Each structure stands twice: as structure tokens, then as C-alpha cells.
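Q: Quick one: the structure is below, and I'll ask about it shortly.
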Amino acid sequence: MSPQTETKTSVGFKAGVKDYKLTYYTPDYETKPTDILAAFRVTPQPGVPPEEAGAAVAAESSTGTWTTVWTDGLTSLDRYKGRCYHIERVFGEKDQYIAYVAYPLDLFEEGSVTNMFTSIVGNVFGFKALRALRLEDLRIPPAYTKTFQGPPHGIQVERDKLNKYGRPLLGCTIKPKLGLSAKNYGRAVYECLRGGLDFTKDDENVNSQPFMRWRDRFLFCAEAIYKSQAETGEIKGHYLNATAGTCEEMLRRACFAKELGVPIIMHDYLTGGFTANTSLAHFCRENGLLLHIHRAMHAVIDRQKNHGIHFRVLAKALRLSGGDHIHAGTVVGKLEGEREITLGFVDLLRDNFVEKDRSRGIYFTQDWVSLPGVLPVASGGIHVWHMPALTDIFGDDSVLQFGGGTLGHPWGNAPGAVANRVALEACVQARNEGLNLAQDGNSIIRQASKWSPELAAACEVWKEIQFNFKSVDTLDLNEIK
């Protein structure tokens, strides 16, 4: 028995229940550069002080339990415990607080998003003392970031592989998402790629169903890729969804994609799980495959403002786990996404260093220490009239993905792709010439449509389509000030 242990046990064990705040609320604590920092939106039960609620979160997500235990004396709680070091009221919300918690790095397994999430959010969200709890942000310290591979390749390597620079990349999700035979599916892929798109995509729930087994889909899509490349002289790709019921089957599908020589595959990282995703990201790095990530199931976790996990946290977790693309909303389309919040986590995906900025929902300064960046994918209810806004909002390092906005063209799939490519090239040229895309966007599209009948037809079809709904997840009043 060590002298330290002897000293602790000799004091004697006092059983019972004590307030969490006596041990885990430490307002004088100075955070360390190696700490993982978390910002929780806490809604306590009536009668529970915010300090007790914040301390309970720190305790239950680190070393604490509901009662004092004898084995507390066999370790150093001061070394391993989480600490609630600051609490602030959320203005404009009744009984809501932001509780800041610091976790020592030794609590977490190196290179494991699974372990990090199991610790921080694995159990505490069901705690009875809280009416609701939401993880708003995490600060991942460089010491922990360096234990992860991260994205298989990153933005610059992807551009070099594709030999495409100076503009956003264009994609399309094949529709209908379910029901097509593999041959008809491959035909749609070919027509879209031939028309000018860089990528086409499996939808998130396209795996290996009776109407289209995965191997058949992979073969017909590979044929479409090679045929369109030969005709256009451009490198093309299709996001072949390797998501499967087991990790072994997922990697088997990824291996087959590698044998076909295609440039990119896909994974549903939340439904597939972080362990599977990290394994697939390592495989892609080793075998030269790009990895597209779909965030299916994210809104179950992140949409409600007072409970769950904000998508900026899921985005950071994906950058650690690994992916070269990830869906990030559109701001202007059919899916949830306020502009400033979206731009905040888009920067967290792409940039090496992001300053704290509460006006964009960023609670902590994040240093990625050269971990490769991830391309945000704008997808969901977008069409050619949205192109100026999308180009302005997301910039060059992004993928703009039009499903119905390509395949819904009245003349067919290839003309739909042509319309999108013409609209994009017109917006990029106008921006480079100094025009303001936000102000002049509609006139830019109208001018381009005069010499592109495909674009003119698309403009006519979607001229009145809008999705005018307010976002559920918005900035707090104190963040807007």
C-alpha cells in the first residue's frame, strides 16, 4: 500500500450522500491547456440550484456517483474528477444556464471518439436532477487531437486528386433514393456526371436491399464513372455507401470499391457508429480513397435547443474520427440551419485555428494543430436560384449537392446537371469580377440563362420554390449582443 493510500484510508471512511457542489463545483479552478472543456446548457429541476446542477453534470460525466463510496480513498479524485468551473445564466430563457466543465485528459483513451463521448455524454443526460441538458460545445486540446489521424486526406489532397481548383465542387444525390435497379441507377449516375457534375451520391439509406444489391450497384456506378470521365476529360466520382450491418461487411465493401479503382466511398457515421467510422477512415487513408460522410440521424440528437448535442460538437467529433466531406445544412434550403451558427461549425470543419466567437455559437477557441480539414456539403432542397447564395455562404471549399435540383429538370438528368454547372461557373466568374453575389445573384443567373437553355428551363421550373420556415436552433440573446 502506498503512503498516499495509507494516509487516505487512515482518515476513515464516512458513508452517506453529500451535495455534488461540495466536491465538483470549483469556481476558482484555472483550466489547463490539456483539459477537455465542455459547455453544457443546463435546465435544472425546480428547487435545484444551478451550482448543484452544474456540479452534478461534472460528477456524473467523470468520477462521481450518487453516494460516497469507500474506494474513493484508493485514488486521487482531485486528479481525475471533472470540475464545473463557471456558470452563466442564459438570457431570454427561464431557468437555463451554461455550465462550463473541465475534464483532465487522463480520463480519455487516446484516439477514441467513442470513449470521449461515452464519458462526457454517455450517462448524465438521464439524470433526474435535470429537466434537460444539451452539450453546446467542446474544446479539444492539441494534446488529445494529436492522438487522432482525422480525415483520410483533407481538402488540399482531395483537390490535388481531382485536379479541380478555384470553385465549389458539384454533386447530386440520385433519386428516387430507393427502388431503382442497379442498371437504371448507374444510368442516372452517368447522365449526371456527363452533364458536368463532379460527384453523384448514394442516399444515406441505400445499402444492400433486395431491389439493388450493393455489389451490382458498385459495378454499374464504376462503369458510369469511367464512361463519363472518358467523355468529359474530368475526374468523376460517386459516393458508394459502404455502410453495413457489421464492420467486417463494411470493410469488405470498401475493399471492393478499392479494387474497382473508384476515388471515393461513403459512410453514415452516426448510425454506423464512431468505432466503425474511425476504422473506415484509417482504411481510406491507407488505400487512397476519399471518404464522404452523411449525418443521418443527427437531427434526433441536435435539433432541440434545450436537450441533446449541438451539431458543432458532432462536427468536431467527425473531424477527429475521420471524413473528407460531411453534410452541414444549406441555410437556404429545406433543412434546419441558421446562417451564423452554420458558418461557425463550417469554419470548425475547415480551418486550422478558430477563435471563440459567441455571435456564431463558438464557445471555445479551437486549435486543430494541422489536422486535415473537412469539406462541408450543402444539400437539401436547393436549386439553381440558390447557387449565388450558396457560393457566397460556403465559398470555394465546399460541395454543393443538388438532388431534386438536378434530377427534377424537365428535360432530364444530364440537362439538370448542365444547368447547375452553368449556374455555378457564372457565379464564380461574377464573384471573381467583383460582383456581390448576395445582391446581384438573381441577375447573374438570369444573364447566364440567356445563353444556356438548360439553365433557363431550370429557372422557370423552380422560380417560386421557397422554404420559409424559422430555425428551431437559434442563437441566444446574450450571444447576439
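Glycine too: its Cβ is placed from the backbone N, Cα and C atoms.
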Q: Using only what Swiss-Prot says about substrate binding by ASN123, THR173, LYS177, ARG295, HIS327, identify which of SER62, SER379, SER398, SER443 is listed for that site too.
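A: Checking SER62, SER379, SER398, SER443 against Swiss-Prot: the substrate site match is SER379.
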Q: Is SER379 (substrate binding site) helix, strand or coil when read with DSSP?
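A: Looking at the DSSP assignment, SER379 (substrate binding site) belongs to a strand.
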Q: Return the residues near LYS201 (Mg(2+) binding site), defined as same-chain residues 6+ apart in sequence whose C-beta is under 8 angstroms from its C-beta, sorted by sequence, else 'none'.
A: GLY171, CYS172, THR173, ILE174, HIS238, TYR239, MET266, HIS292, GLN401, GLY403
Q: Please give the greatest C-alpha separation between any two of the substrate-binding residues ASN123, THR173, LYS177, ARG295, HIS327, SER379, in angstrom, as a whole number.
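A: For the residues that bind substrate, the greatest Cα distance is 36 Å.
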Q: Please report how many Å separate the Cα atom of ASP203 (Mg(2+) binding site) from that of ASN123 (substrate binding site), as a whole number.
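A: So the Cα of ASN123 (substrate binding site) lies 32 Å away from that of ASP203 (Mg(2+) binding site).
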Q: Spatially, which candidate from the recorded positions LYS175, GLU204, HIS294 is nearest to ASN123 (substrate binding site), comparing Cα atoms?
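A: The answer is HIS294.
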